[in-house]
Amino acid sequence: MHTAWTSDRIPSSRPKQPAQSQGKGKQKAQEPPKSKEVRRLEHLRDGLRYATGRERDPKGGCFCQARMHTLSTYTPICRNCGLILCELQQPRYACPHCASPLLTPEARRALEARLDTQIDETLAKEEEERQQAVEQARAAAGAFPTLSARAPGLSPSSTSDALAAHPTNQTHKVLSLNSKTKKVTVASFHSSPVVSRSASRERNLKDNAKPDEKRVPPPPAEVPFVKGHRDSGRPWANLRGGAVTYVPPPKPITTHI
């Protein structure tokens, strides 16, 4: 409360409340980044949940009929027109040929449950591998102490002396002789450890840079046929055009006895 006898220069005796926003970011534990396989499964599951099944693939689908790519494990065939579908066909999209839904409502719910199970199993497997890697790293470290660790019987001064005596933390001097002036020059330098780049960051960049798969376009709407007139004298003539060269059969080889 501000009255006539209060001054702005006199600090208030009311205690200040600590800021609560500082610890909000640290309360929630940071989750490890999701792997490429988990993101792929979640993308498939979310696509099934928020799509009607009648949307067309914006990339046009693929008509290789599993000859160029692997057969789809979710929707291997269209039950309406019988088109064989490869792995590039997402189950949330309609058939690229007849535009009919590839899954019934019951099949969609079953596939969603299947994807949820695969996501849980993949996360559990990755967590187990992560824990094994941590245990192996601890076992490989063994009983070697860290540079900042202090033995029970050593004082802080002895620990700091040991750190200062480490070759990495020492200042090195170089003695050089100038050939022209015949003078001795002493230069000192401090060596610092080289920081290596993170290999995991480069691996994530390679995983995210996924090249676009080559897709087979749909067949033409019109059936190709020859529009020229057929010659009765040469029924074997090539009416489609193009250079055709007659190759005679090879002559038989005769041997004289």
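Placement of Cβ uses the backbone N, Cα and C atoms for every residue, glycine included.
If you check TrEMBL, you get these features:
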type: COMPBIAS; residues: 1-10; note: compositional bias 'Polar residues'
type: REGION; residues: 1-39; note: region 'Disordered'
type: COMPBIAS; residues: 15-24; note: compositional bias 'Low complexity'
type: COMPBIAS; residues: 28-39; note: compositional bias 'Basic and acidic residues'
type: DOMAIN; residues: 61-111; note: domain 'TRIP4/RQT4 C2HC5-type zinc finger'
type: REGION; residues: 145-175; note: region 'Disordered'
type: COMPBIAS; residues: 155-175; note: compositional bias 'Polar residues'
type: REGION; residues: 187-257; note: region 'Disordered'
type: COMPBIAS; residues: 188-198; note: compositional bias 'Polar residues'
type: COMPBIAS; residues: 199-216; note: compositional bias 'Basic and acidic residues'
type: COMPBIAS; residues: 247-257; note: compositional bias 'Pro residues'
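Over the domain 'TRIP4/RQT4 C2HC5-type zinc finger' (61-111) the predicted model carries a mean pLDDT of 93.
Broken down by DSSP into helix, strand and coil, the domain 'TRIP4/RQT4 C2HC5-type zinc finger' (61-111) contains 7 helix, 4 strand, 40 coil.
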